[in-house]
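Engineer: Annotations per Swiss-Prot:
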ACT_SITE  His331  active site
CARBOHYD  Asn160  N-linked glycosylation site
CARBOHYD  Asn308  N-linked glycosylation site
CARBOHYD  Asn311  N-linked glycosylation site
SIGNAL    1-50  signal peptide
Amino acid sequence: MLLIPSFTANSNEPPPSKLSLSDLSMAILKSHFFLLFPLLLLHFHTVSFAQTLFVFGDGLYDAGNKQFLSQNRVDASFPPYGVTVGQATGRWSDGSIVPDYLAKFMGIPKISPILLTTADFSHGANFAIADATVLGSPPETMTLSQQVKKFSENKNKWTNQTRSEAIYLIYIGSDDYLSYAKSNPSPSDTQKQAFVDQVITTIKAEIKVVYGSGGRKFAFQNLAPLGCLPAVKQASGNVQECVKLPSEMAALHNKKLLQLLVELSRELNGFQYSFYDFFSSIQNRVIKSKTYTFETGNAACCGTGSINGSNCSAKNVCAKPEEYIFFDGKHLTQEANLQVGHLMWGADPEVIGPNNIRELMVLPLDITVILAGIQEAMAAMRPRQSNIESLYDIKKMESEMDNHWLYQVDKAISFMI
């Protein structure tokens, strides 16, 4: 069963809303309804609800892979991790993580870690693992390339159609930039850009590998303001302010990542995506914690030091994790993960675009073919197309797309199904 969650009270992000067409878009759609409707009906047979979720990333999405790969003690396999749900499961939180909630909203079971060989993978697999990076070869983890390779090795567990209809959820890069900032405290603008380009180029290559295996629907959660993580602030010695360089690197990454997704949507036939502004969501909650139901956005629930930025253990955990954004120095509480899950699932374009995941999962696989035909037939009548060149100006991007009538047809299709 498909679940439609409600939003957490007091959130400034808009809740899911029904389709709102601009006057111009509505006029065009009405006047050309008889031209468009047969085309839409002709292709409705390709529409189906995604029932499979593949997850790639780092500790924010790790459902337990670290405990199967590491030769050392994995903290997430022991209390106080899992304290809110009664047991530690290898998740770096007091309870559920974002992929768990998205699976729930999709109406499927939680997605198991791929290294749990006895698991049921009929609805997908989770390849994410703590400490994962895009670049390099860190020990006891899997880089993005290694995660994608593991997916390729196991892809025959799923049919071609299943892989093409699935959602591919990705969050990775934090550890790359945290390591870079630690090793390069004063890089030039050119050096910063060069490193970001390396990361983005690798992500592009791995997206294309997944695309080559049938992947079409990609959901990206952009990077958090890394300098605001309790672990990073505490290590800097100034716990009252976010550290500039890690957050700056994350913002540069997010800009380039959005540009990449726009580029791929033009280059790869059938490529569809969601881009969630996680950076702003966390930044807003750190600055205005109480607005989002949290008591503090500065300190972690579990750990040692002035803001609990390190060494989370059962001896130093808070009584009410739900009052905190961060459970440990780098990872979110279940409550924060729930809010993020809601936003990714059903928020408006100011938060996630051009589709939220609820819309992405029902988009026809050949929607680009439909829209391309309509676009060609009515090119002279449409408003200007959006020209997304500024990477991290999501509100500008979505404002322009909201005036693009083809974008409205896209939305109309998903809501008519």
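Placement of Cβ uses the backbone N, Cα and C atoms for every residue, glycine included.
Here the structure is a predicted model, which means the values were calculated and not measured.
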Engineer: If you compare CA-to-CA distances from Asn160 (N-linked glycosylation site) to each of the recorded positions Asn308, Asn311, His331, which comes out shortest?
Structural biologist: His331
Engineer: Including all protein chains displayed, how many Cβ atoms other than that of His331 (active site) lie within 10 Å of its Cβ?
Structural biologist: 26
Engineer: For Asn311 (N-linked glycosylation site), what is the secondary structure state per DSSP, taken as helix, strand or coil?
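Structural biologist: In the DSSP reduction, Asn311 (N-linked glycosylation site) maps to coil.
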Engineer: If you count other Cβ atoms within 10 Å of each one's Cβ, which of the glycosylation sites Asn160, Asn308 has the most?
Structural biologist: Asn308
Engineer: Once near-sequence residues are set aside, which residues in the chain of Asn311 (N-linked glycosylation site), 6 or more away, have Cβ atoms under 8 Å from its Cβ?
Structural biologist: Gly303, Thr304, Gly305
Engineer: Indicate whether Asn160 (N-linked glycosylation site) is helix, strand or coil by DSSP.
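Structural biologist: Reduced to three states, the DSSP call for Asn160 (N-linked glycosylation site) is helix.
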Engineer: Pop the Cα-Cα gap between Asn308 (N-linked glycosylation site) and His331 (active site) into the table, whole Å please.
Structural biologist: 12
